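Asker: Quick paste of what TrEMBL says about this protein:
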DOMAIN    13-342  domain 'Acyltransferase 3'
TRANSMEM  38-61  transmembrane segment
TRANSMEM  81-100  transmembrane segment
TRANSMEM  148-164  transmembrane segment
TRANSMEM  171-191  transmembrane segment
TRANSMEM  197-218  transmembrane segment
TRANSMEM  230-249  transmembrane segment
TRANSMEM  261-280  transmembrane segment
Amino acid sequence: MSHDEYLGTRRFPGLDGLRALAATIVVFYHFAGPNFTWLSGWVGVYVFFVLSGFLITTLLLREQDRTGRISLRDFYLRRVFRILPPYLVILGGIVAFVLLRGEFLARDFPHALKYYLTFLNEFFPGSEGNGSDNFFSGSWTLGIEEKFYLVWPFLLVAVGIGAARRKFGLALAAMAVLLVLLPVSTGGWLLDGSKTAIYGSTVHYFILLSGCLLAILLHYRRSFAVLRPLTHPLAAIPIVAGFLLLHTNLDALWSETRENVLLLVGYAGVTMLLLVVLLSPGPARWLLSTAPMRFVGERSYSLYLLQGPVHFAVIQAVPQLAERSLLTALTVFVVDLGVSDLIHRWVEQPLIRTGKQLIARRRARAEEKAAPPAVEPRMEAAVG
């Protein structure tokens, strides 16, 4: 794959498939029972983090190349219309549900809403990753991503147009600072399972930045040339094998390693390599670009947020599924995907289009104001 081919690629379907894979293993890890701990679904969210950092930075860099600037206003408009509608619809539905059941106070929603409506989700005490406590605490990852979106675009703008070395240096410097802060935010290099330590760790921002760093490396011709050998189809074999080997053994390694938080740093690095493979033509990209994978991937945002309430609804309807098993996970996944499809069609897509239309109208007005006034032709009387 050449650099020009990469820059000319507007959509990366293999990454939709990777989203699908990450969301699916999260659901099955939470609800399929103890025989499926090898899925290491709890690190599926870190695949989302690397993807988010990569895609956001790629869009910003390409906008800068195309227009000579990065419009922070347009960026935040896109984020608002992409993130908020499904988030608020799902949260509103959960609130209505617990009110109808008379569980608003019992599930601590007056307290929880302060965190959920300000995107401080990861700081809500007692959060459960699968949303089993109040159906929405699995949204802790959104709190981290939204704070990241508030800061990173400003930093990119601050280093100026072009400036490949400065952007590269910015990402590396930020990652170094976060790495230094890691033992401070987690109370050491060993995470012992404390939810507060895990959710409040700077490792999440480090992993987001790893995706940003990859976007910068691929965007500029000289650094792309260094990574280009990884785009060869044969390079996919050791990279995919290494990713699967690390991922499926991460649960066991986590409890055996003294500095286990560094496993997440290594996992981020392997995920970066996997992204390079999935951007390039080859069997791995083909497999993750198939229609079923893209279908699930395009709905993965709602699929992830809905897992808690859908699981509760499923076991209320079929009490026999209360014990976590493969059948429970399959049922939750199918129902979750169905509801997510409705939200995708009736909430996500229409509001994303609305956001794009607002941005297009705003740009058109700006261009109209910037255009020089039309010069009216002068009419001179004929002399005769």
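Cβ from N, Cα, C; glycine included.
Owing to the predicted nature of the structure, the values given are computational and were not obtained by experimental measurement.
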Asker: I'm checking region-level scores; what's the whole-number mean pLDDT for the domain 'Acyltransferase 3' (13-342)?
Answerer: 87
Asker: How about long-range neighbours of the transmembrane segment (148-164): same chain, 6 or more residues beyond its ends, C-beta under 8 Å?
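Answerer: Cβ under 8 Å, 6 or more out: 52-53, 56-57, 60-61, 64, 68-70, 72, 75-76, 79, 170, 174, 205, 208-209, 212, 216, 219-220, 222-223.
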Asker: Do the transmembrane segment (230-249) and the transmembrane segment (261-280) share at least 3 Cβ pairs closer than 8 Å, excluding pairs fewer than 6 residues apart in sequence?
Answerer: yes
